[in-house]
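Report on the structure given below.
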Amino acid sequence: MPLFGPRLDRPSAIGDEGRPRATSLTIASVVVFAVVAATGWAGGFMRLTLALGTLVGLFTVGLSLLNRERFLALFLGQLCYVLGGTGLVGFALLVLLLAPAYGLVLTGFALALTGLATTWADVADAESTKTALFQGGASFVSMLVWFVCLIVVAGTVLALWTFLTGPATSVPPTPSLIVFLFALCVTGVLVWLGTRWLPFRQLTPRDRRPRLERNLGRFRLVTAVVALVAFAGIVVAVVAWLLGGFDRLYAALPPSSAVFGGLSSPFVLGPLLLVGVAVLATALVALALRRVTRPTDRRANQLLAAVVAGFAFTVLTIPFYFSVVPGMPLLRVVVAVLLVILGPPALFVAGLAFLGGVTVGVLPDRAGGPAVASAGMVVATVGAGLAGVPPVAVFACITAGMVAWDVSAFGLGVTADLGHIPETRRLELFHGVLGVGVGIVVVAVLAGVDLLRTAVAGGLVAGPAILLAVVAVLLLLIPVRG
């Protein structure tokens, strides 16, 4: 049993590639969280640290949900993964550009918190990362497609609205006819698509289904013919207009000019387009309900979730980032657009870097979380030293990284030797308390050495002291590991 919370260990995670035991992971998490909070408070950037923790939580929840199979879980996972991940990457890059030293600190904290959180969620492995990269890439492509489609639709609607609501003299009969044929073609296509997905067959008694399918096939054939005839009419009308055929028609039949001019009236086009949009919208709702309530294969649910999430990102992402980015309105818009365009690719590159580390053996698969957490605390140590954070906090950062690595490595060794079934809490607690005690002694000794150094040569830089901290912690952890 872990110290708190449910047991997250999987019995199949046995061997060198398994996860640390829950008690060891709890100790490592408490140490890292405490040092991150204390350093943020001592350095005066506690609010940024809290914001970072929120983004890490969103990202981890999304990464966990992307390993599920149901559509709703995958859709929510897409939202949390992309919003949290792009926000996390954008946050780190922005702080690195504005204040490199503090950017290193917060980037290290982000790596440490993400490593531990993903380890608890059991998604700090190559397989989960590949799944997340596939779904994140699919949602990004879907977002771009939706964005282009919405721009085209919005431009078309705006042009039609301007055309239809202008003065009566500004709507010549020939363009009015072309607009009507275009609306008729669009309505035919929308109705043809909608009738494919509406649940007519499911709502019809079984003995009447053959007749329904015949009638529905004829109706869909009629809608397809109407759409094709309307499209052909547009081509013919444009050619005749360019050749002057309509001028001769209006001269021979003057009432035709008034008839064609009335075809673009909102009272004609409004109901026509409303029918097509209503049919397609109802069909899409029915299709989504069937997908949600009917179990399908995982790949189909992943693609559907990516398409729906892409639409949600297109509509909601820029307002979301605009609301959380501080600064002037123009700066908010610029940063929000950059996050939307560059955030998902940057997140994809970060995932590829993790996979590359696992492939070349730098990071152990299924145990990469503790390794990333320890590396993050080392990065935070370098940034804290450059940012002028109190030396005690700097020493605590490097010590927390080494203790987290040692405790997690011990937990992995216990898993490899005994598996997850035997009760090993006392053994893990003994080693964890010993490691934390050694870390506290290291911080106290190094703080005293730094105080003495400051008294003797207060004007010198603290770089040698930081190097001394790293070497001392590594040396003092040797007897603990032994």
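Positions of Cβ are set from backbone N, Cα and C atoms, glycine also.
Curation plays no part in TrEMBL annotations; they are all automatic predictions.
Database features (TrEMBL):
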- 21-42: transmembrane segment (TRANSMEM)
- 48-66: transmembrane segment (TRANSMEM)
- 104-123: transmembrane segment (TRANSMEM)
- 176-198: transmembrane segment (TRANSMEM)
- 219-243: transmembrane segment (TRANSMEM)
- 263-289: transmembrane segment (TRANSMEM)
- 301-324: transmembrane segment (TRANSMEM)
- 330-355: transmembrane segment (TRANSMEM)
- 367-387: transmembrane segment (TRANSMEM)
- 393-415: transmembrane segment (TRANSMEM)
- 427-449: transmembrane segment (TRANSMEM)
- 455-478: transmembrane segment (TRANSMEM)
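Using a cut-off of 8 Å between Cβ atoms, the transmembrane segment (263-289) and the transmembrane segment (176-198) share at least three residue pairs, counting only pairs 6 or more apart in sequence. Annotation: stretch 367-387 has the most Cβ pairs under 8 Å to the transmembrane segment (393-415), among 104-123, 176-198, 367-387. Residues 36-37, 39-40, 73-74, 76-85, 87-88, 91, 95, 102, 106, 109-110, 113-114, 117-118, 121-123, 128, 131-132, 135 of the same chain lie 6 or more positions beyond the ends of the transmembrane segment (48-66) yet place their CB under 8 Å from a CB of it. Most Cβ pairs within less than 8 Å of the transmembrane segment (367-387), among stretches 104-123, 176-198, 219-243, 427-449, belong to 104-123. Same-chain residues lying 6+ beyond the ends of the transmembrane segment (104-123) with a Cβ under 8 Å from its Cβ atoms: 8-10, 13, 19-20, 25, 28-29, 32-33, 36, 39-40, 43, 45, 48-49, 52-53, 55-57, 59-61, 63-64, 67, 88, 91-92, 95-96, 129, 132, 368-384, 386-387, 389, 397, 401, 404.
Here the transmembrane segment (219-243) has Cβ contacts under 8 Å with residues 174, 177-178, 181-182, 184-185, 187-189, 191-192, 195-196 of the same chain, all six or more residues outside its ends.
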